[in-house]
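Undergrad: What TrEMBL shows for this protein is this:
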TRANSMEM  12-30  transmembrane segment
TRANSMEM  57-79  transmembrane segment
TRANSMEM  85-104  transmembrane segment
TRANSMEM  111-130  transmembrane segment
TRANSMEM  150-171  transmembrane segment
TRANSMEM  178-203  transmembrane segment
TRANSMEM  215-235  transmembrane segment
TRANSMEM  247-267  transmembrane segment
TRANSMEM  279-299  transmembrane segment
Amino acid sequence: MSQTRGRYDFCIGLVLAMSSSIFIGGSFILKKKGLLRLARKGSMRAGQGGHAYLKEWLWWAGLLSMGAGEVANFAAYAFAPATLVTPLGALSVLVSAILSSFFLNEKLNLHGKIGCLLSILGSTVMVIHAPQEEEVETLNEMSHKLGDPGFVVFATLVVIVSLILIFVVGPRHGQTNILVYITICSVIGALSVSCVKGLGIAIKELFAGKPVLKHPLSWILLLSLIVCVSTQINYLNRALDIFNTSIVTPIYYVIFTTSVLTCSAILFKEWQHMEADDIIGTFSGFLTIIVGIFLLHAFKDVNFTLANLPLSLRKDDRAANGTLLSTYDCFNHDEESSACLGEIQSTETLSARRNGSLSAF
């Protein structure tokens, strides 16, 4: 009966996590559509300090969609392992990318399509091999978990490292090193996920009629969550303001998810009873998602399609003579493509002459 109940909760958490990604991914599209509609009407844009979007129903639909997604994500932690819920957050990026290609006419290049496919495959592998954490159904059990020496040491190290990064490393290197601010919000994010997990259990107990509001752990978790999330938002916004979003997003996803996986493994001991193939499958799925997110973000501005692929693979004797130019780069800049191709042809002619080929004349 317990195993059946565990599988039932796992499925509920999985559905909630996927629903969260769909709602959050779709919210960006709705907000963008609303802002574009205002721009066509000639209203002052949000980037210029305007607030006309508050009168646009599409923008409000996007805001409500994001709220629904966050609620679903919050609830997912109460039913499924954090090791499963957190990596599936990458699906919101895929949903946003796919929907934008349909509704915003934003082109999804070959790298982006491959990245989406890899992320979906990686997510599927993680779902299949996801660990089944130890049963934690009450706040009392959660308090014993939080008091475990292993987790206490981990949480202490996270706090110490975060304080050093905030007060010592940040002021000196935060403006030049992308890892400083991202590391701060990522490692603290591991603690915030643990707080969310505990509050999810508290909410389940509250609906069951138990006096959880009188339990001091409920308020400690709530206060800790507010502090952690506020710190995360602050330093993530700093990183986004200083560095390119296409670089910040994949790095943040990797470090944040790794921190959550580590914290979850220490807190819930969910890796102890896993088979070797499940451990390998979980890590393989996670790495596949990382590669997919990297392809989707790092090359999103590269104009490269299947139509360009055959031309980029024509290496033949040009590669052998060391005269191959970057055809890849030629297709990234349409206005320079003629000059690039002309230079390639000239190089081929010189090469043929050096080899004594009459066809060059």
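Every residue gets a Cβ built from N, Cα and C, even glycine.
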Undergrad: Who are the chain neighbours of the transmembrane segment (215-235) in space, where the CB to CB distance is under 8 Å and they lie at least 6 residues beyond its ends?
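TA: Tertiary neighbours of the transmembrane segment (215-235) are 139, 142-143, 146, 162, 166, 181-182, 184-185, 188-189, 191-192, 195-196, 198-199, 202.
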Undergrad: Which stretch, 12-30, 85-104, 111-130, 279-299, tops the Cβ pairs under 8 Å count with the transmembrane segment (247-267)?
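TA: Of the candidates 12-30, 85-104, 111-130, 279-299, 279-299 scores highest.
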Undergrad: For the transmembrane segment (12-30), which partner among 57-79, 111-130, 150-171, 279-299 gives the most CB pairs under 8 Å?
TA: 57-79
Undergrad: Please give the sequence-distant neighbours of the transmembrane segment (279-299): residues at least 6 beyond its ends with Cβ less than 8 Å from one of its Cβ atoms.
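TA: Same-chain contacts beyond the flanks: 83, 87, 90, 93-94, 97, 109, 111-112, 114-131, 245-247, 249-250, 253-254, 257, 261, 271.
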